[in-house]
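Right, one structure below, let's go through it.
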Amino acid sequence: MYPAHLLVLLAVCVSLLGAASIPPLPLNLVQFSYVITCANHNRRSSLDYADYGCYCGAGGSGTPVDELDRCCKIHDDCYGEAEKQGCYPKMLIYDYDCGSNGPYCKNVTKKCNRKVCDCDVAAAKCFARNAYNNANYNIDTKKRCK
């Protein structure tokens with residue numbers, strides 16, 4: 001799925017929640033994007049990571065194409081561990097702050113929220129310390145992710 005499609009889908013979901021008079025819940029995907037932006041000091045859009053390599057974005061398979069893609073695999077595995085603990089990582093929100101050294105979890109006491117916050121902060125910091133290779137954006141996963 002293209003990043004623009006994800007934004008449209010997100011906008012439709014938020015609109016439907018508003019139309020149903022249900023207060024919109026902050027979505028973890030949106031929060032994770034803010035954590036990423038904090039970690040890289042606004043140098044790269046979080047959307048750049050939505051379709052990178054074999055693991056950044058929806059799904060994931062094969063061998064990561066580089067260290068940045070490996071960050072996404074580790075993040076996927078971390079969410080998998082959270083799910084095994086009975087958590088719903090894509091739905092949970094948490095308190096975090098953006099300090100001079102990047103994002104950090106702030107006053108997160110609930111087990112699941114803490115786990116998800118730790119997963120997201122670790123991934124965002126991993127993204128920030130590894131090089132982004134434009135050649136690994138929007139790759140043919142059927143050919144390169146075996």
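Glycine is no exception: its Cβ is also placed from the backbone N, Cα and C atoms.
Now, the feature entries from Swiss-Prot:
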ACT_SITE  H75  active site
ACT_SITE  D120  active site
BINDING   Y55, G57, G59, D76  Ca(2+) binding site
DISULFID  C38-C98  disulfide bond
DISULFID  C54-C145  disulfide bond
DISULFID  C56-C72  disulfide bond
DISULFID  C71-C126  disulfide bond
DISULFID  C78-C119  disulfide bond
DISULFID  C87-C112  disulfide bond
DISULFID  C105-C117  disulfide bond
SIGNAL    1-19  signal peptide
Rounded Cα-Cα span from D76 (Ca(2+) binding site) to C119 (disulfide bond), Å: 9
Y55, C56, G57, G59, D76, D120 screened against C145 (disulfide bond), Cα within 10 Å - retained recorded positions: Y55
Among G57, G59, which are binding-site residues, the residue with the most C-beta atoms within 10 angstroms of its C-beta: G57
Lowest local Cβ density among D76, D120, which the record lists as recorded positions, within 10 Å: D76
C54 (disulfide bond) and D76 (Ca(2+) binding site), Cα-Cα, nearest whole angstrom: 11
Cβ neighbours of C78 (disulfide bond) where a neighbour is any other Cβ within 10 Å: 18
